[in-house]
Amino acid sequence: MNDPKVVVALDFDRKQDALSFVDKIQPTDARLKVGKEMFTYFGPEFVKQLTGKGFDVFLDLKFHDIPNTVAKAVTAAADLGVWMVNVHASGGSQMMTKAKQALDNYGNDAPLLIAVTVLTSMGQEDLHGLGINKTPAEQVNFLANLTKQSGLDGVVCSAWEAEQLKADLGKEFKLITPGIRPAGSAQDDQQRIMTPKQAIDVGVDYLVIGRPITKAVDPQLVLQQINGTIR
């Protein structure tokens, strides 16, 4: 079974620009991530256009609400035919468990359900401001364990956390990582980066990469080069 490891983060202001980009790459080489901005602008029909072109879609909306509402939201995502959808682990075990149970009826067609632990923008002071007396690393570990206990498929994490999380949570628990930059590319707004090969080597399962691919003159060539380093 084809299992592309690269997930291209689509960040376009215009739908046509996004679709023009997508036409330059192959679904056998990458999956696509649709976040809050593009989903708010272009809606479910945009996701259907992408899946209609043969792409697996990671719907990155980070649901966080009461359990019934989140369960209905992930059901709607499953009905859209997405490959992966996420929630905030800080919504708690009941919310995550109910969301996972809502996907039971989809069997093998259910999307992967993953959780976000601590946002990469949050530091020690931010957590303390929320009454959380843990370091970011401790809170990531706590929420990742809660995610697994709740039956979810994996977490979004930093590549720097991946090796420890994979050791603690097992090979089957998926790790999805942003902040990946091919060797030689600009860092953009990501301060701590790893190359695709480095990330895979420490246990990351799926690599979220944006501008180094979306801004490339030949994105398919860049994808092939990245894939060549991790296969």
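Going from the start of the chain as shown, residues are counted 1 onward.
Heads up, the Cβ atoms here are built off N, Cα and C, so glycines get one too.
Taken from Swiss-Prot as is:
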type     : residues                                             : note
BINDING  : Asp11, Lys33, 60-69, Thr120, Arg181, Gln190, 210-211 : substrate binding site
ACT_SITE : Lys62                                                : active site, proton donor
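Location within the structure of each feature annotated in Swiss-Prot.
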{"residue": "Asp11", "record": "substrate binding site", "DSSP (3 states)": "coil"}
{"residue": "Leu61", "record": "substrate binding site", "DSSP (3 states)": "strand"}
{"residue": "Pro67", "record": "substrate binding site", "DSSP (3 states)": "helix"}
{"residue": "Thr120", "record": "substrate binding site", "DSSP (3 states)": "coil"}
{"residue": "Gly210", "record": "substrate binding site", "DSSP (3 states)": "coil"}
I'd like the number of other C-beta atoms within 10 A of the C-beta of Pro67 (substrate binding site), please. 18
Roughly how many angstrom lie between the C-alpha atoms of Gly210 (substrate binding site) and Lys62 (active site, proton donor)? 18
Neighbourhood of the residue listed as 'active site, proton donor' by C-beta distance under 8 A, where only residues 6 or more apart in the same chain count: Lys36, Asn86, Val87, His88, Val116
